Amino acid sequence: METIKVQDVAVNDLPWRIEYHAERCTRCGSCVASCSFNAIEVVVQRQSMTVSEQNQPSPVRRQLALAIIKQKKDLAYMCRGCGMCERVCPNNAIRPVRNPDDRKALLSRDNGPIKRGGRTNLNAQRTLDSIIVGRISQMTDPALDSVRHTFDIRAPFGRVLSPRELPLTVSGDKLEMAHRTPPVRWIYPLIFSDMSIGALSTRAWEAVALATAYLNEKCNLPVRMSSGEGGMPVKLLESEYLKYFIIQIASGHFGWNRIIKAMPHMVTDPGGILIKIGQGAKPGDGGLLPEAKVAEHVQAIRGVPKATLSSPPNHQGLYSIEESVQKMHLSLNAAFGFRVPVAVKCAASATSVAVYHNLLRDPYKICGGFFIDGIQGGTGAAAEVSLDHTGHPVVSKIRDCYLSAVRQGLQGQIPLYGGGGIGLTGNAAADAFKMICLGANGVFCGKVLIQLLGCIGNEKGRCNACNTGKCPTGICTQDPRLVKRLDVDRGAQKIVDYVLAFDKELRKLMAPIGNSSLPVGRSDALVSTDKAVADKLGIQYVC
Amino acid sequence: MFHIDTMEGHQRMSTQDLLLKIEEAVTGGETDFEITGSGQHDIGGPLWHPEGKTLHFHVTNPGQRVGSMCLDNTEIVVDGPAPADVGWLNAGGKITVRGDAGDTAGHCSSGGKIYIGGRAGARTGSLMKHDPLYEEPEMWILKNVGSFSFEFMGGGRVVVCGWDSSQFASVLGERACVGMVGGLIYVRGEVPALPDDILCLDLEDEDRAFLAGGMGDFLDSVGKPELAAELSDWSEWKKLRPLTFAEKKPQPQPNLADFRMTGWVRGGIFSDVAMDDFAVVPTVNKGLYRLRVPSWDNGKYASPCEFNCPSGIPTQRRFDLLREGKEEEALQLVLQYTPFPGSVCGTLCPNPCMEGCTRGSIDEAIQIGALGAKSAQTKVEPPKEHTDKSIGIIGGGVAGLSAAWQLALRGHSVTVYDEGEKIGGKIEQVIPRSRIPHELLEKELQRIQDMGVKFVTGCHVDHEKFEKLRSAHNALIVATGGTKSRFFPWEGLENLTMGLDFLKKVNAGEHPKVGRHVVVIGAGNSGMDVASDAYEMGAEKVTLVDVQRPAAFQKEIHRILDLGGSIVWPFVTSKITPEGIYAKDGRFIEADQVIVSIGEAPETQKFLPDDPKIKRFREDWLVPSEEKMIMPGVFAAGDVVKPGRLTDAIGDGLRTAHCVDRFVRGEAITPVVEKKVIPMERLSRAYFEKCHHCDLPENPEEDHNRCVSCGTCRDCRMCLNSCPEKAITRNALPDGTWEYVSDPDKCIGCGICAGVCPCGIWGLVDNPEPIPMYRTYGREEMRKCRAQ
């Protein structure tokens with residue numbers, strides 16, 4: 001007789017159920033040993049029965065007690081669906097199965113709002129998938145050959161002046177610059193974005209950094225990596241590779257002490273500075289690093305004790321956009337002698353166009369890029385209510401910003417970068433291409449990178465445990481036992497391979513529309529099978 | 001000779017008209033054509049003479065695709081230049097252009113010969129092929145070709161003589177041979193950068209023979225025989241050919257591991273703050289990298305019986321000893337905890353141990369009380385060593401005797417002083433003999449005396465006596481219990497009989513007189529005792545009243561109900577008269593005697609000094625410190641502190657004795673450490689099948705088969721046999737006990753041991769061993785690093 005009460009948490013209340021076949025199980029224990037969430041355990045199960053094997057009722061009692069693997073009925077130890085058990089099981093005896101009747105959202109607010117990592121699980125619908133590259137050069141004009149033609153796949157990072165504003169003077173038979181113009185770097189239109197030291201393990205961060213350097217050094221792809229808001233490794237700051245990295249400053253200003261201290265020892269300028277105002281996954285919310293991940297090195301780099309680190313939702317001391325431009329942009333331009341472009345990243349918002357206008361009107365021409373981060377961006381930790389219910393899709397926002405600049409004849413002056421869900425369905429090149437055709441100069445992506453490293457999370461509720469410090473793949477944790485599961489070289493290799501294929505695929509899309517340089521704003525190349533999307537973006541509706 | 005001039009005045013003949021005329025003429029047997037063209041396309045093919053004769057074309061000013069799809073036995077000479085696609089899809093004809101050719105000359109040709117007497121445009125020779133059934137195609141070009149030539153070329157030979165081309169950076173333009181997979185290109189002059197899979201080689205004999213063999217005819221055909229010598233310095237020539245499929249090596253793959261080791265920041269970018277060798281550990285590990293490790297927690301937790309017993313008797317250990325066949329040890333074990341296993345555990349105690357028994361959640365609790373009775377006769381050897389400490393205990397009830405027993409076991413001299421004629425407190429004086437055989441009590445009291453405890457009975461302790469005792473002993477324990485019946489100031493108190501006096505008189509054999517109808521106020525256990533004695537003394541009808549649900553044990557209630565008693569509740573007494581008792585709500589129960597039994601209170605003011613430092617609760621009960629002390633060297637135990645069951649008094653005596661022992665030894669007094677009860681989920685009850693009530697063993701000692709042995713290893717070896725890594729060994733210890741040990745070098749931390757352990761001995765905990773990976777990085781190290 002069992003004594004279960006109706007309000008006890010049951011396995012069927014949890015988002016994932018463990019499907020276990022005792023008859024296949026060898027009791028090798030690997031599944032339990034590998035589960036970082038401690039979600040399964042060994043228990044003894046009893047099978048008792050009274051059987052009769054004679055020609056007349058002859059009751060014989062049989063009892064069998066056997067060890068089985070069982071899922072814990074506990075929200076604190078709930079299965080996250082990561083599937084490590086399935087990976088290690090030699091006999092296909094165990095695997096997590098999504099539970100459609102899950103009541104977790106109702107039951108797990110005992111300690112306040114639900115927190116998790118990942119990205120929105122409610123708003124994962126994909127505008128970009130209803131858009132097709134539908135205008136193919138055929139008999140009207142020549143398509144290019146993606147393999148044999150030379151393509152100019154570079155995007156500006158920095159404030160681009162209009163030709164009229166160039167300080168050109170004629171000196172004899174030569175043109176000369178009367179004074180310096182804002183710094184502009186021509187980079188690959190794919191930026192590795194903003195995952196902090198702390199949110200990522202040392203190994204995961206290093207793998208992304210290693211891939212960045214490799215792509216620059218060996219593949220001639222000037223990909224840039226943004227540091228995220230947790231500072232930079234001092235050894236990287238003082239290395240020649242610094243030029244491939246964009247140093248981020250967010251409201252917490254974490255890690256800037258070591259960055260400034262490293263300045264006299266820098267052998268090159270950084271690739272850029274990115275002021276993070278907001279983040280697509282949790283707009284209006286500051287960064288969040290749970291205590292479980294604030295290991296000694298994170299404490300050291302950030303200059304804080306072991307505690308849950310919340311960045312303020314806005315930069316302290318900035319009360320207006322004008323002040324933001326003056327204080328942050330000017331100061332960070334000044335920090336590197338006005339040689340390094342400074343860009344700003346905001347969460348996509350109903351107000352993005354107004355912000356972009358303000359930046360475009362800035363008479364000092366000091367903003368070198370506007371990064372718009374959509375609702376499908378990722379995060380290491382956030383309140384679920386923010387992840388699922390706040391934010392703004394990035395696609396139409398990029399389009400709105402671009403078109404409003406076009407109307408003023410200012411397009412291209414502050415490069416637009418779009419992110420948040422780039423590569424969500426696997427093909428970042430297609431996403432990037434479409435974003436560029438709609439007006440972006442380039443895109444930034446983060447989650448696809450960690451997925452390449454081995455992250456098994458997705459926007460259908462799988463894993464999303466980046467905030468727990470128990471990342472089974474060693475990516476979003478600082479626990480050495482888990483961190484050391486991650487192979488830096490293999491992870492970096494995967495990113496490099498992906499970007500090399502991205503580059504080829506981007507050409508595959510540029511060639512048929514006949515563009516040998518990035519088709520920024522060439523929305524004529526796109527059609528949509530969704531009338532509303534087509535109307536909103538001003539592209540052809542097709543069916 | 002068939003001559004066509006395609007212009008008549010300003011009228012130009014269309015391509016279609018020209019080609020139909022030529023075809024008509026060929027069908028008619030014509031073989032020689034002189035065509036003055038005006039840009040007509042596709043002159044020369046595909047045509048064949050009905051008798052297979054060779055067709056000769058002499059063309060000026062052709063349009064695109066002269067000689068396209070040309071068959072063998074067709075010879076075309078273009079006087080002057082020709083636009084794009086000369087010899088497109090040429091399948092066998094000999095096509096000579098004496099001037100320049102446009103773009104894509106020879107495009108897709110797979111037979112015949114094409115001679116160009118000047119330059120050829122972009123994409124010349126692209127997609128040329130060689131059908132092995134026929135001769136391979138040739139294309140000879142006197143000067144140079146444009147960019148993107150020979151793309152995707154699959155066969156045939158092309159000769160680019162590079163004459164009059166020194167003004168070009170390359171005689172092949174740019175990006176030649178992209179995607180070329182077959183064929184040969186002979187080239188004289190500057191060669192551009194070529195794709196990685198194209199070889200640029202010196203000529204070999206066969207090449208020289210080919211060139212020498214064809215050069216004369218080519219130069220003659222294009223009208224430059226004088227160049228033969230100039231173009232025949234073979235040292236100026238190169239041969240281009242693609243790697244064969246077999247020769248092609250796979251593209252070197254990015255190798256990030258190499259890059260990290262050789263190109264990357266030495267030691268890694270985090271080497272200042274993270275010590276990492278970049279070695280990758282598998283998902284399942286042994287030793288240090290296990291996520292969790294087993295922990296052998298034998299005896300760490302109390303079993304429920306142990307936990308629920310105020311004296312903490314670890315009954316599971318008794319059954320483990322019985323299972324091992326150590327009956328005597330099992331029966332003796334309980335005497336480490338109580339001197340009254342027979343009188344209390346086996347007789348008077350409601351056995352809270354059994355209420356919490358794990359087995360009770362399977363079928364029925366283990367028969368613990370009955371097992372206690374088995375120890376009633378068990379002898380215990382007195383301690384071999386004695387201390388010089390003497391302890392006096394005031395009060396010879398169970399609390400005092402429990403403390404006396406414990407202290408005697410520890411070798412101290414103990415004297416118990418009691419006011420009564422007989423030692424034993426309430427068991428002796430109050431509890432009806434019907435509930436406990438007197439001989440059993442006497443035997444257990446004798447065992448206490450046998451242990452060396454001195455009993456001093458009839459000893460009235462007043463203030464003076466107290467001080468004497470205090471100076472006579474190293475420590476005193478006050479365990480005088482509750483000695484006066486409690487009551488409320490009801491109307492008619494003069495009609496009330498005190499329960500405690502009544503019970504004492506009965507047990508003393510004084511046969512107190514009782515009424516016919518007796519009402520007992522208070523339906524607790526002592527109320528039941530009063531009722532029972534009242535019947536014993538001749539009452540006809542006993543009614544118990546209480547303000548709340550009767551607190552007595554069910555067993556006791558039933559005993560009284562069986563005797564004909566009744567219980568009325570809630571009943572709030574207001575008045576007692578010689579006729580009976582009134583409730584506040586006006587109810588009246590007829591009675592000629594009303595006895596109160598709602599508990600007793602201590603009367604310590606009679607002997608304790610009037611010291612405000614002695615803390616009390618409601619003026620009656622003593623409140624000792626955590627060390628069980630009420631004043632220096634004076635301790636308290638039992639009902640004098642808090643009214644409770646007999647078992648509570650025994651437990652309190654035990655804990656007080658522990659403190660007294662430390663005190664007289666001059667050690668710091670630390671209270672007895674209470675173990676936590678074992679969490680139910682650590683136990684594997686699934687091993688135990690429900691037992692039918694009829695199958696319970698008559699002898700409680702045989703219940704060891706049913707005992708789960710919660711929290712204490714039963715040595716079943718399930719862990720040893722279940723461990724998938726064979727990491728567990730069993731070590732026999734010198735004292736006859738054992739331990740199981742898990743070898744960290746074998747264990748993967750799967751917790752199968754914890755899962756299969758019936759007793760909850762093995763736990764699975766997060767691996768506590770730290771891995772030193774991160775650091776802050778000292779200034780000195782940073783300085784050194786920068787200096788490097």
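Backbone N, Cα and C atoms are what each Cβ position is placed from, and that goes for glycine too.
Summarising the annotation, TrEMBL assigns domain '4Fe-4S ferredoxin-type' to A:16-45, A:69-99. Per TrEMBL, [4Fe-4S] cluster 1 binding site is recorded for A:C25, A:C28, A:C31, A:C89. Sequence annotations record features per position, and here TrEMBL assigns [4Fe-4S] cluster 2 binding site to A:C35, A:C79, A:C82, A:C85.
Structure coloured by features recorded in TrEMBL.
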| residue | record | DSSP class |
| --- | --- | --- |
| A:C25 | [4Fe-4S] cluster 1 binding site | coil |
| A:C31 | [4Fe-4S] cluster 1 binding site | helix |
| A:C79 | [4Fe-4S] cluster 2 binding site | coil |
| A:C85 | [4Fe-4S] cluster 2 binding site | helix |
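Sequence-distant neighbours of A:C79 ([4Fe-4S] cluster 2 binding site) (same chain, 6+ residues apart, CB-CB distance under 8 A): A:L14, A:P15, A:W16, A:R17, A:I18, A:F37, A:A39, A:I40, A:Q71, A:P96. Cβ neighbour density within 10 Å is lowest for A:C28 among the binding-site residues A:C28, A:C35, A:C82, A:C85, A:C89.
Annotated pair A:C85 ([4Fe-4S] cluster 2 binding site) and A:C31 ([4Fe-4S] cluster 1 binding site), C-alpha to C-alpha distance, rounded: 4 Å.
Taking 8 Å as the upper bound (exclusive) on CB-CB distance to chain B, the binding-site residues A:C25, A:C28, A:C79, A:C85, A:C89 give A:C28 in sequence order. A simple way to gauge crowding: the CB of A:C31 ([4Fe-4S] cluster 1 binding site) has 27 other CB atoms within 10 angstroms, across all the protein chains here. Taking the mean position of the Cβ atoms of A:C35, A:C79, A:C82, A:C85 as the [4Fe-4S] cluster 2 site, the remaining same-chain residues with a Cβ inside 8 Å of that point are A:W16, A:I18, A:C31, A:S34, A:S36, A:F37, A:A39, A:I40, A:R80, A:G81, A:G83, A:M84, A:P96, A:P472.
Listed in sequence order, A:I68, A:I69, A:N91, A:A93, A:I94 are the same-chain residues six or more apart from A:C25 ([4Fe-4S] cluster 1 binding site) with CB atoms under 8 A from its CB. Comparing A:C89 ([4Fe-4S] cluster 1 binding site) with A:C35 ([4Fe-4S] cluster 2 binding site), their Cα atoms are 12 Å apart once rounded. Compute the center of the Cβ atoms of A:C25, A:C28, A:C31, A:C89, which mark the site for [4Fe-4S] cluster 1; besides them, the chain residues with Cβ within 8 Å of that center are A:T26, A:R27, A:G29, A:S30, A:I69, A:C85, A:V88, A:P90, A:N91, A:A93, A:I94. A:C35 ([4Fe-4S] cluster 2 binding site) sits 14 Å from A:C28 ([4Fe-4S] cluster 1 binding site), taking the C-alpha atoms as the reference points. Per-residue pLDDT, averaged across the domain '4Fe-4S ferredoxin-type' (A:69-99), gives 96. Taking the Cα atom of each, A:C31 ([4Fe-4S] cluster 1 binding site) and A:C82 ([4Fe-4S] cluster 2 binding site) are about 12 angstrom apart. Here A:C82 ([4Fe-4S] cluster 2 binding site) is positioned 20 angstrom away from A:C28 ([4Fe-4S] cluster 1 binding site), judged by their C-alpha atoms.
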